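Questions regarding the structure given below will be posed in turn.
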Amino acid sequence: MGASCTATQSQFLLYTLTSSEETVGSVGDSCRGPEEEAEKPVKTKTVSSSNGGESSSRSAEKRSAEDEAADLPTKPTKMSKFGFAIGSQTARKASAISIRLGASKPKETVPTLAPKTLSVAAAFNEDEDSEPEEMPPEAKMRMKNIGRDTPTSAGPNSFNKGKHGFSDNQKLWERNIKSHLGNVHDQDN
């Protein structure tokens, strides 16, 4: 329990020392070797003890660490970052590639549309008394769409379509029988 508490305190102190240079908890902090951790100066703060206000003697290690920290310049040394930082990488890549839109291209003049509009208006002018075009016979046959030989006779909605268009074969048979009976009855009289 004591070791984890000191580790947390050392991480906090490390964070306070290097807050302007790098963040705690990045992948780079956990990947450093023991040599790099030993080179960092550790500042210690005096914390009030729970021994009732009595003065406590500091160990030689703490005094030497404070002396070393005092000897070093106050400006923290810049460490090379080793890790994955999304924000800093995108900023660097953006500065490497610069795209300027419209700066290199000369402005083109837009041609006037007045001559084209006049020719289009002349093509669709209905004021002229010209004779309408005649349809070719093939187009007329397709528009009528009557009979078995039309292109839609084999379509999905062409069930019961015969030579005479859509018809019911049973009714056609009954009509033919009635007409034959009528012809036979007329012949007998």
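Residue numbering: from 1, along the chain as shown.
Quick reminder: no glycine exception, Cβ is built from N, Cα and C everywhere.
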Just to confirm what the record says: which one of Ser20, Ser30, Ser158, Ser167 has phosphoserine annotated in Swiss-Prot?
Ser158
Annotation phosphoserine per Swiss-Prot: which of the candidates Ser48, Ser130 has it?
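Checking Swiss-Prot against Ser48, Ser130, the phosphoserine entry points to Ser130.
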Helix, strand or coil for Ser98 (phosphoserine)? Use DSSP.
coil
Tally every other Cβ atom lying within 10 Å of the Cβ atom of Ser98 (phosphoserine).
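Neighbour count, Cβ to Cβ under the 10 Å cut-off: 6.
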